[in-house]
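In TrEMBL this protein carries:
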BINDING   Asn79, Glu127, Asp153  S-adenosyl-L-methionine binding site
DOMAIN    86-279  domain 'Ribosomal RNA adenine methylase transferase N-terminal'
Amino acid sequence: MPLVQVSLSLLALRDSRRLLRQWRFPALGPGSRSKARCLAAEVRTRGVGLNEPASRCDDEAAVAEKALECRSFRRFIGNVALARTVTDSLVAGGLVDSGARVFECNPGPGILTQTLLDAGAQVVALESDKVFLPDLQALKNKLNGQLEVVHCDFFKLDPLSSGLMKPPVMFSEKLFETLGISRIPWTADVPVKVVGFFSESNERNKLWKLIYSLYEQISIFSYGRIELNMFISEKEYKKLIAKPGDMRNYSALSILFQLACDIQLLHMEPWCSFLTSRDKKLSVPKSVLVPNDHLCLVRLTPRRNLFTEHLFTINSTRFVLMVKMCLIKRRAKLFDKLNSWNIDEGQSLLKQLEIPNDVLTGNLYPEEYMRLFEAMVHHTDFYQSWIFNEVLESTQSMEL
């Protein structure tokens, strides 16, 4: 090997090690922008190797710089190696099998967007921050209709306020109409698959908004069984799949999602693998009692048979509220809760369902809550005894 080549290789290796040290010990870095470049270099070194072309290195450094221009705190996939890993997991989970449109929420610099396109997905990039729109639009112009770009915040679809909406806030009806997507029956195939990140600061609120919309078949779910492929915190994932008897994690959301969706874990990735905006790039939400070392890519596919002759969109809100009220105190007796709604009727319901009188609300399976609700629907006096306005007022401020 020529001496010049050897010297250049040694210099490249030394620079890579220097950047790696700056990433691991941020105090050594000259500033936040330099730290962002170090982050891109560290991820590149760990995921791809020292033989990666210089153009790729420059691209990932530019991505890290671009992320700092984002006005809100967000997480991004900042290198191609991680994007390919995530895409492979999504494809293995059936992302492109049915030909459904893929909504990518807040794609940012578009690293994952490109690998999704390479995998054959028909992508709609829903980006809320204008700073990323020009690059996404430029990528769209290189393609022949495989990518659409919309200035839209997926998590702010269908606000409670009415009137004229300005992007990125909009109504789902406007979004789907613009994209030429029509409503289809609930039992039809999945028309749209959503990919993105839940913000860890309010992911539980977002999950509640989605579960209400799903059970009522409103918002995006008025167009069919919209599948969600989302990165959520390991802590919230563990709570979604918690089983009866796990009094710390089993919650109303556990029951409602397990009944409504097929839940599949596609991939787990350490928090440090992701690029973030602003100065919180190293922050990881703290959790003492529940593991929270990873972001989990979770597929939530609404079930075809969720709605029956007993559960439909008109009464589904009552079912959701019933579950929320029962799970306020997981160690309370279900018998006492039922009697508080209709004195002396709780025992007859439990006997009919062959459920012991001393069972705790946190020990009942999701399917048993559905059976309980169906029995209450048939029990006219019991069903009409609920004062739902008071129930709603008492639960609005509760985070279950």
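Positions of Cβ are set from backbone N, Cα and C atoms, glycine also.
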Next on the checklist: Using a 10 Å cut-off on CB atoms, tell me which of the binding-site residues Glu127, Asp153 is the least crowded.
Outcome noted: Asp153
Next on the checklist: Test of understanding: give the count of other CB atoms lying within 10 angstroms of the CB of Asn79 (S-adenosyl-L-methionine binding site).
Outcome noted: 29
Item to check | DSSP-derived class (H/G/I helix, E/B strand, else coil) of Asp153 (S-adenosyl-L-methionine binding site) | outcome: coil
Next on the checklist: Please compute the mean pLDDT of the model over the domain 'Ribosomal RNA adenine methylase transferase N-terminal' (86-279).
Outcome noted: 95
